[in-house]
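If you look up Swiss-Prot, you'll see 1-16 marked as signal peptide. Per Swiss-Prot, disulfide bond is recorded for Cys18-Cys140, Cys54-Cys60. Residues or ranges marked as domain 'N-acetylmuramoyl-L-alanine amidase' in Swiss-Prot: 39-166.
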Amino acid sequence: MEILFVLFFVFVTVSGDCGVVTKDEWDGLTPIHVEYLARPVELVIIQHTVTSTCNTDAACAQIVRNIQSYHMDNLNYWDIGSSFIIGGNGKVYEGAGWLHVGAHTYGYNRKSIGITFIGNYNNDKPTQKSLDALRALLRCGVERGHLTANYHIVGHRQLISTESPGRKLYNEIRRWDHFLDN
């Protein structure tokens with residue numbers, strides 16, 4: 001009985017962690033290879049896709065599938081690059097997830113979680129639903145031991161030469177408690 005419970009707990013923790021829409025649920029491809037991330041992680045990197053936004057489950061899932069296909073087919077990544085992707089519908093989509101190294105920020109992938117917002121946030125503000133989803137994901141990440149309690153949030157632009165996560169999203173996360181201004 002104890003072994004069955006442990007197996008069930010591990011399955012639930014990995015596949016449905018923090019209310020994330022799993023790859024199976026958004027019809028994602030299986031990664032070609034995985035490398036495990038040392039946890040808990042101290043750094044969270046926020047990005048944007050610079051694509052159109054989405055507000056429905058179907059539209060967001062399609063964009064996530066398109067990103068995964070582009071990353072795997074054109075960039076030769078093992079999987080979608082981001083750890084998580086957040087839609088304007090307020091849902092968080094599984095990318096590399098909490099357990100696997102992503103391919104989102106050169107030089108930082110093995111020591112961070114990359115969270116990407118679907119849309120272009122240079123001129124548009126992210127939806128309140130998407131911001132609430134990020135807060136809930138981060139809170140859950142700490143509770144489940146994926147993130148350190150004193151984790152830091154940075155914008156992609158702070159680490160490489162890019163406008164990501166866009167001016168409006170960057171200005172939003174700069175006001176958050178865990179933001180690291182460097």
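A Cβ is built for glycine as well, from the same backbone N, Cα and C atoms used for every other residue.
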Residue among disulfide-bonded residues Cys60, Cys140 with least C-beta crowding, 10 angstrom cut-off: Cys140
Local backbone state of Cys54 (disulfide bond), from DSSP in three classes: coil
Averaged pLDDT, computed only over the residues in the domain 'N-acetylmuramoyl-L-alanine amidase' (39-166): 97
